[in-house]
Every structure is written in C-alpha cells, then in structure tokens.
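Heads up: the structure comes next, in structure tokens.
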Amino acid sequence: MRGIKPGFVLIIAIGIVVAAHPALAQQDGSVLTTLENSVTTAAKGWQTTVMQAAKSLFWILAGIEVGLAAVWLAIQTATLDAWFAEIVRRIMFIGFFAFVLDQGPSFAKAVVDSLYQIGAGGGSASPADVFNAGLKVASAMSQNAQFGLFQDNALAIASVFAMVIVVIAFSLVAAIFVAVMVEMYVGLLAGMIMLGLGGSSFTKDFAIRYLVYAFSVGMKLMALVMIAKIGSDALLNLTNQTGTGNDAFVGTLAIGGISVVVFIISMYVPSIVQGVVQGVSVGSGMEVVKHAGQAASFAAGSATLAMGGARAGAAGFSSARADGASFGAAALKAMTQGIGTAGGALASATRDQAIGAPGSFGTSTLGLANAKLDQRVAQKKSANRP
C-alpha cells in the first residue's frame, strides 16, 4: 500500500466517476423532500403551544391597555361622552388585533404560498427539483467524458471537472433552498408570539412586523425559486445545445462557470430582496465581487496546476519516445505521468495544509500545490542531466 502514488489514486477516482455516470441519473433529491416534510410536521406540532402563549400575552396586554386608559380618563375627569368614545376606540383597536392574532398565521402562510407559486411560474419547484436538475446536467455532460487514444481527452477532462462543479453548485443551491424553507416554517412559527404583542398600543408595531416579515420571507423565497428555475433551465438547454470539437469544449467550461454564477446569485439576491421589503440593507454587490475574486483565484490556480501537469506529461512523452516506445504507449505514459504529477502535488499540498507543515501557513492549497509541482519538475530535470 505504501507504493501507491496519490496521482494513481486520482486517476482511479476519475475513472470511477466516469464509469458510474449511468447510475448518476437514477439518483434523486428525495431526501431533501423528506427533510422538508419533517421540518413542516415538527413546526405544526409546536403551533398550538405558541398560539396559546400568544393569546395569553395578548389578553394580558389588552387588560393593561384598558386599565391604563381608564386611569387616564379618571385623572382627566372626562365626561361621559369621552368615556364612551374611548371605550369604542379601545374595542375597535383590541378587536382588530384580536382578528390579526386569530387569522395572522393563516394569512402569512397564504402570502408566502402565493409568492412561492409566482416564483415557480405556476409549476412546481422544490429543493429536490433543483438537486435533480444538477444531476441531469451532469448526466448529460458525462456523455463527453470518454478517455482513450482516439478520444478527445481534453474535452473528457473538462467534462469531468464541470460535472463535479455543477453537482456541487446545485447541491449548495438546494441547501440554500432548504435553509430558506426552514426559515419560513420556523420563523413564521416562532414569530406568532409577536402577534400577542398587538394587545397594547405600545407594542402593536411588533405584530405588524410579523406580517411584514411574512411578506419579506415570501419575496425571498420567490426570488430564490426564480433564480433556481431559470438557472437550471438555462443549463439544461445549454447542455443539449453543445456541439462538437472546440464548441463542445467551450460549452462545457461555460456550463461549469454558469453553475457557479447561479450559486453566488442564490446566496445574495434573495436576501437583498428581503431587505428591500423590510427597509434595510443586508448586503451589497461587494460580497459578490469578493467571491468572484476568490473564484477567479481558484480558476487561475487550477489552470496553472493543469499546465504544470501538461508539462510533466509532455516530458514523459518525449522520454518514452526517446526510449523507443510506440506512439500509443508514449501517449498513455504522458497522460498517466501528467495527471499523476499534478494529483500528487495537490495531495501533498492538502496534507501539508491539514497538518500545518512548515511553509504552508498563509498560503492557499493550490498555490502550495503549484510550488510543489515546480519543485518536482526541477528535480526530475536535474536527475535526467548527465
């Protein structure tokens, strides 16, 4: 086991991913639907308890409100007409917020459901649908992941990496979807206690904020559903329209990039929409710029690592041909050596980052991997010199 190189393990892992792509389409995100249903059931179990506490709080505050009004009128030695007008005003006030307390949860749920349907465009949308869309895109791209001497290996490698990026990106979007759904159920449930504060004119704003919150979380959910559906539909259409040759290579890279864009937009735009409804600023475009810079740094590091692996592969090809190997054997050795060298450098860098090895502090994993790759190439050149 000690003789197995990390690069060889990486090659085996890529082969397993490619060989398992027919089973990829058979998987689904039903576990996300199960999780959503579990949260819904648990939330409904607490609704009665929270509503009872809210009603008790409401009538306590209503009694205090009426008592304070009576004391104030008595101090002012108000006339009978003033007493009658104040009683009518308090009855209307308490009656309105008692109606809000009784019908507020149903009204809030109806608002959220309506906005959810608007975002879904009259169809169906769920975290499982978003996750399944990512699997469908990855399954369609797996048709291009065919390695061999007479195959487009560059397209195959791009397809494998794009498949991984798409699945991860859409899994994260589905996770955001689940988080927003949980926020909706738990937030609307816990916020019911705020309706009990409508019994007093001093705290009635909290009850109004509950309704504003219901509308804001509905808008957030609507924005997320729209982004998820538009992004998944666009990627599915782009996957079906990829051509051959250079167009297929560029289209594959575009699919991976667009999936990252969809994920970043899903992180920030729904919260910004919610903040607009609540009248607060929860973020700016600089967060997107920051993450875009991180993504660009990751892409640059990956490209540099790939170029280093390609150089190692070219050196292996030249060495094999110089030793009299056939073209096919030399090409196979070049591919194995290139992927093995890059994968070994990446695995070594990951290990050093995990254990905090000297020289790894303050550096990124890809940056450390590129440095190790350069060292290995330089060592091989020195060893080959007479």
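Residue positions begin at 1 at the first shown residue.
Glycine too: its Cβ is placed from the backbone N, Cα and C atoms.
Unlike curated records, TrEMBL annotations are generated automatically.
What TrEMBL lists as signal peptide is 1-25.
Annotation source TrEMBL lists transmembrane segment at 56-75 (among others). Away from its own ends, the transmembrane segment (56-75) comes close to residues 82-83, 86, 90, 93-94, 97-98, 101, 193, 195-201, 203 of its chain (Cβ-Cβ under 8 Å, at least six residues beyond either end).
Look at TrEMBL and you will find 155-178 (among others) tagged as transmembrane segment.
Here TrEMBL flags 184-203 (among others) as transmembrane segment. Sequence-distant contacts of the transmembrane segment (184-203) (same chain, at least 6 residues past either end, Cβ-Cβ under 8 Å): 39-40, 43, 46-47, 50-51, 53-62, 64-65, 93-94, 97-98, 100-101, 104-105, 108-109, 112, 209-210, 213-214, 217-218, 221.
Here the transmembrane segment (210-228) has long-range neighbours at 100, 104, 107-109, 111-112, 114-116, 118-121, 125, 129-130, 133, 173, 176-177, 180-181, 183-184, 187-188, 191-192, 194-195, 262, 265-266, 269-271, 273-278, meaning same-chain residues at least 6 beyond its ends whose C-beta is under 8 angstroms from one of its own. As annotated by TrEMBL, transmembrane segment applies to 210-228 (among others).
The transmembrane segment annotation in TrEMBL covers 248-269 (among others).
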